[in-house]
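**Student:** Pasting the feature list from TrEMBL:
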- 116-591: domain 'Amidase' (DOMAIN)
- Lys170: active site, charge relay system (ACT_SITE)
- Ser245: active site, charge relay system (ACT_SITE)
- Ser269: active site, acyl-ester intermediate (ACT_SITE)
Amino acid sequence: NISCHFQTPVTHPHDTMGVTSTLHTLASHKSTKCTVLGLITLYLLRQWVKRTTRNNIESNAAAKIAAVLEERKEHIEWAKREAEKVHEEERKKIEGMDFRELREALQSGKITAESVIRVYYGLAVRAHEKTNCLTNIIMKSLEDARELDNKARDPSYKKPPLFGIPISIKDAIEIEGQRCTWGLVQKIDCIPKEDSFPVMKLRNDGMIPFCQTNIPTTCMTYTCSNSIYGTTSCPLSSSRSSGGSSGGEGALVSARGCLIGMGSDLGGSIRIPAAYSGCCGFKPSATRFSTLQMAEPVPFRPLCMPTEGPLAQDPHTIVEIMRSIWSDLFISNKDPLSVPINFREDLFKEGTRYRIGYYTSDGYIDPLPGNQRVVREAVEVLRTKGYEMVPFSLGDIVHEAARGIWGTVFADGGKRQTEILRDEPLSPMMEPLRGFGSMYNITKKLLGLLSSLRGDKTTADFFSLQTTKAIDIQKGIDRIFASRKRLVKKMKDEKIDLLLCPSTISPAMPHTLPNQIPFTAINPTIFFNAMDFPAGVVTTGTWTEEDEAALASYPEKGIVEKGIKKGCKGSVGLPLSVQIVAPPFRDEMVLRVMVDLFDAVKK
């Protein structure tokens with residue numbers, strides 16, 4: 001306190017000479033100079049400590065990353081050697097089999113689980129070399145395959161329904177004895193002691209988890225990159241993202257590295273990678289799966305329900321996996337919070353024809369021309385299959401639900417994200433995650449106001465509705481529940497069984513774009529997490545020259561629209577898909593339509 005050391009001269013407000021004299025006196029006093037020098041020294045010391053601590057953290061992180069990458073390299077080289085042990089004739093035969101053919105051959109004993117797992121080592125490595133989709137080859141899978149083959153030699157042994165079929169697993173899903181990093185260096189040494197319940201069930205049914213796939217840092221974005229394993233690309237374009245957060249799964253399956261894999265979906269994390277990379281993906285009703293073991297990356301998770309689910313090259317494979325998982329009450333016996341419902345064959349029965357409402361835009365953010373076109377084409381395809389197709393308007397339901405979503409999912413103001421990422425090394429591509437998490441609420445409100453003044457309503461909502469106030473959070477909760485009620489009522493009033501709609505607003509985006517525009521871009525998928533509707537994605541076409549030409553007239557209403565219009569130029573040949581959804585616990589209806597649509601398009 002300077003007043004403790006000086007008797008400040010009294011000066012007239014307009015006496016500039018007196019002010020100058022006072023400042024000169026303060027500046028010349030010895031204790032003032034010492035205080036200033038001390039403050040400067042303290043500041044420099046603190047900066048040095050921060051820099052030293054940061055350097056140590058980065059050095060330790062670099063050493064850990066190098067060790068893990070070396071381990072991955074060794075596992076991949078081992079997998080290559082094992083793959084080469086299969087005779088070329090047998091290898092080609094196994095590679096040419098679809099899921100049903102592979103299952104039949106394994107059940108009949110025409111091929112062994114050991115041969116199959118070796119062939120899929122080779123396929124997975126080939127896909128990885130193209131897309132960087134793997135985080136690990138599980139070496140124990142070869143031992144698991146041999147164990148199954150040994151059991152099968154006993155005439156009294158009854159093979160389980162999925163005997164010997166390899167399956168890939170997203171890095172964020174727990175596998176006993178294997179790393180589960182969530183794309184974070186701080187979790188490199190996290191080794192689960194047991195499988196997730198769905199993985200347990202699949203093992204019981206005879207499947208063999210044989211590799212793990214890449215994810216974005218914290219799984220809280222829909223591109224696919226982290227500081228440990230790097231960036232995963234769309235199999236059809238190295239400059240485009242494979243999507244996220246199950247991006248490694250989407251790339252691996254689409255690049256024919258695996259017939260089926262398990263991902264998880266909080267806001268589109270199964271469906272977006274399936275759409276970007278060009279395969280099929282299915283998000284079940286959340287409470288028909290177990291979420292008991294899942295980490296909680298965001299607050300207020302029950303309002304945007306996450307769940308594990310499969311990605312596959314075709315929906316027939318997804319049906320068989322879901323039929324097996326729901327063949328008994330294994331999941332609900334492990335997790336009493338999971339609803340005990342077996343696979344409903346009555347809803348999946350072939351020849352069943354439902355009344356489907358369709359739309360090409362939900363009225364929130366318009367998808368690009370090609371993404372709308374494939375919906376219209378799917379309408380005609382399903383109509384020829386005997387489905388009753390009727391236009392359906394969501395009105396302002398999606399907008400109100402979005403206001404509820406953005407008002408609740410960041411209810412902690414980004415503090416948890418900030419804490420997780422504080423000492424985490426991030427690439428420039430992923431650095432925006434740290435910046436967004438640490439952004440002050442007043443800054444978000446200001447960005448919301450500026451967006452509103454520009455007429456960008458969706459971006460305005462995204463920033464301005466984020467809050468930590470209990471009363472505002474309650475309003476967000478109320479909006480989500482009101483939207484659920486309105487959507488269910490509207491579908492019932494119009495006798496709509498399912499909905500057909502866009503899966504994404506664009507084809508695969510450039511790697512950096514998802515972290516440069518507001519998360520409102522994922523509204524076509526996260527909306528159905530908030531509704532807890534089961535949803536499936538089927539790839540039905542590709543971006544054409546006509547879509548490219550139509551892009552010129554796409555309206556740039558806001559930041560998201562401008563970003564995807566500019567970023568997604570030059571997308572000819574990239575996959576396009578549609579989304580099929582139904583009310584909760586009508587999962588089999590979604591699967592029925594997915595199968596019929598896929599088969600009709602294939603023909």
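Cβ atoms are placed via backbone N, Cα and C, with glycine included.
All TrEMBL annotations are machine predictions without curation.
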**Student:** Compute the C-alpha separation of Ser245 (active site, charge relay system) from Lys170 (active site, charge relay system), stating it in Å without decimals.
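**Tutor:** The separation of the Cα atoms works out to 9 Å.
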**Student:** Would you count the other C-beta atoms found within 10 angstroms of the C-beta of Lys170 (active site, charge relay system) for me?
**Tutor:** 29
**Student:** Can you tell me how many other Cβ atoms are located within 10 Å of the Cβ belonging to Ser245 (active site, charge relay system)?
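**Tutor:** Ser245 (active site, charge relay system) is surrounded by 33 other Cβ atoms within 10 Å.
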**Student:** Just counting, how many other CB atoms are there within 10 A of the CB of the residue listed as 'active site, acyl-ester intermediate'?
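**Tutor:** So the number of other Cβ atoms within 10 Å of the residue listed as 'active site, acyl-ester intermediate' is 35.
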**Student:** Taking just the CA atoms, what is the gap between the residue listed as 'active site, acyl-ester intermediate' and Lys170 (active site, charge relay system) in Å?
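**Tutor:** That comes out at 11 Å between the alpha carbons.
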